[in-house]
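Asks: So that we are looking at the same thing, I have put the structure below in structure tokens.
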């Protein structure tokens, strides 16, 4: 069955992906820290979707210096670089195109917006592809509509280690273009969009944290990182597999990033990048890893076709993350965490209730950087919509089975919301016959996708009250006018509460601000854990 996504444009890409598609990408990379550059060669295996195609458009960037483009078989190609948007340019390759060809690019990149170089005792380099930054790493079809396998040969200076978002790697067995075997060969055998090709180079070591997982970190961090993630990651993976089906990526490793890494985590396949802020010492922020693991099914396996459909990645991932949390920690704990997420959504929407960025499907105009549309809506409003679908089904376990079927149907594909809607209604024909997708006030397209503001349905999170009631009582205690002696024996054991119960307590206190300075002193005196904890939240 033809997908709606097959006819959907991506205004953020300069490539002509309706006419030609990448099937495989190979990179030959030499990292030079002294020159602050990567010298590179990229070979794109392309398949034409039309006869007599003579021009290939690729996404590129001004920070890429391209010196040569040729077709591997014939050598015949001319190229030029044209302006496209403030976040990229267009590489125009003119060639005589057979049905199948390999286009080779010789280039180097320096000061790239998608390649971050952190200056430490030893430098640390990493790439960040999402949303449209990998075009500054290598010429490509930088759109989630196109998925391809990739391989890479990476050469780094002595004393440094390279890692990539690949499911296979080997050292010293494959030579690079300069015929040196002092390099590492990486391969990702599952097709992925360009934004999920990721590289990091640093003074890295690894330690086992599970039967299919290692953590990578600099030596000063490695022992604490291993202790934080050991034995919990496999529980997350196995629970995800029970709920959503096979984990197809083989290994699941974690790379601890420098403190300047601007995200909690990035779901690069086989190698999640995480902020060091989640290394607390008590595993209290490992739910960040649950979120990134859940992307292994929602986002990396089934992907939004363009960035207007970003909620398909993040809304389903939030739902999947919370199903894993519910299975592992109970419904009350899951509801309390979800409550904090819904509070963030409410604050975002209250700032501009009719704003375009409060819609699930965001209209991204040509020239607008998709990253400029990033906000809470695709995460939490998307979560609300997936919860609404589950409420229509009724039985949460039946909905789990639907999610398995959804992933199986669309794995390694990129879709739009209408593809989801069609599959959902065909999977549950009684709901299709009831025309639930057209129910006034809850229409899938007109209301859920395209209407701004608060979602028309909110999930039932009332189970959180068995955990939040003590937080309310504690907040009441510290906001009343009492002397320090009055609190003796009445202060809860915050250390045993967990992250989201404490956050709920602090949120209630903040709503009653300003607190008297004496109350702050009481709080710190009677609750030393709050100031001693390394938990950044």
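Note that the numbers count up from 1, one per residue, in the order the chain is shown.
From the backbone N, Cα and C atoms, a Cβ is placed for every residue, glycine too.
Caution: TrEMBL annotation is automatic and unverified by curators.
The shown structure was predicted, so the numbers you read here are calculated from the model rather than taken from an experiment.
Pulled from TrEMBL, these are the listed features:
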- 23-196: domain 'Aminopeptidase N-like N-terminal' (DOMAIN)
- 232-426: domain 'Peptidase M1 membrane alanine aminopeptidase' (DOMAIN)
- 291, 295, 314: Zn(2+) binding site (BINDING)
- 292: active site, proton acceptor (ACT_SITE)
- 379: active site, proton donor (ACT_SITE)
Asks: What is the interatomic distance between the Cα atoms of the residue listed as 'active site, proton donor' and residue 314 (Zn(2+) binding site), given in whole Å?
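Replies: Approximately 5 Å lies between the Cα of the residue listed as 'active site, proton donor' and that of residue 314 (Zn(2+) binding site).
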Asks: If you measure residue 292 (active site, proton acceptor) to residue 314 (Zn(2+) binding site) at Cα, how many Å is it?
Replies: 10
Asks: Over the domain 'Aminopeptidase N-like N-terminal' (23-196), what is the model's average pLDDT?
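Replies: In the predicted model, the domain 'Aminopeptidase N-like N-terminal' (23-196) has a mean pLDDT of 93.
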Asks: Using the Cβ centroid of 291, 295, 314 as the reference point for the Zn(2+) site, which residues of the same chain not in that list have Cβ within 8 Å?
Replies: 267, 292, 294, 298, 299, 313, 317, 318, 320, 321, 379
Asks: If I restrict to non-local contacts, at least six residues apart, and a C-beta distance under 8 angstroms, what lies near residue 291 (Zn(2+) binding site) in its own chain?
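Replies: Those within reach of residue 291 (Zn(2+) binding site), by Cβ under 8 Å and sequence separation of 6 or more, are 264, 265, 317, 318, 321.
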Asks: What count of other C-beta atoms do you get within 10 angstroms of the C-beta of residue 295 (Zn(2+) binding site), across all chains shown?
Replies: 24
